[in-house]
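Working notes for the structure below.
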């Protein structure tokens, strides 16, 4: 009897396939606030499984929250949050108060969503213009996006840029990289498995050796390859 496929084991919701969210420092988002506040950066922390460091910030009201740390932000630094805050490094300001050309990160689409864009290490968005009730940004992907003028943003570029340029050098480092993520590693190809482990496995060569197209109603243990494909292979040049 054959073994269960990787996707079948993942579908059971075993602890090995669940998102290890308990390792994170907490929810990285803006709090729901109004008015102007003075805040202090309590600490700069590593968030397991994420590329960017996070800053633990405490408001003058006692509320604590986490945001992606921007380049140049230091522990103990005082920042300003909310309406009327200047567009200085590390400050959290409404988008309408920003001049054109400034670099921002952890961008909200609507006020109160906590931040949705430019949150990973080294990323930023650029203010390119303003329209009625909207602020126009260029996102890291190059896409032009309009956000609500009252949406909060952090002035500066997210720290940790270039983290992907550091080579892993050995498989052991890659092991620890994926251990804190909801990703199974290493990812073994079906043709490299034994015949008992995968429909494409077995033989003395790494080839499917049969049609890899399967029907839509194929049973789960055999439903791998090109599922309900209209066509496969290269297209003929016209």
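If you go along the chain as it appears here, the first residue is 1 and each next one adds 1.
Yeah, the Cβs are placed from backbone N, Cα and C, and that goes for glycine too.
Residues annotated as compositional bias 'Polar residues' in Swiss-Prot: 206-216. Look at Swiss-Prot and you will find 223-238 tagged as compositional bias 'Basic residues'. If you look up Swiss-Prot, you'll see 199-238 marked as region 'Disordered'.
Residue counts for the compositional bias 'Polar residues' (206-216) under DSSP, helix first, then strand, then coil, are 0 helix, 2 strand, 9 coil. Long-range contacts of the region 'Disordered' (199-238) within its own chain (CB-CB distance under 8 A, at least 6 residues past either end) are made by residues 2, 4-5, 7-8, 189-193.
Using DSSP to sort the residues of the region 'Disordered' (199-238) gives these counts of helix, strand and coil: 3 helix, 4 strand, 33 coil.
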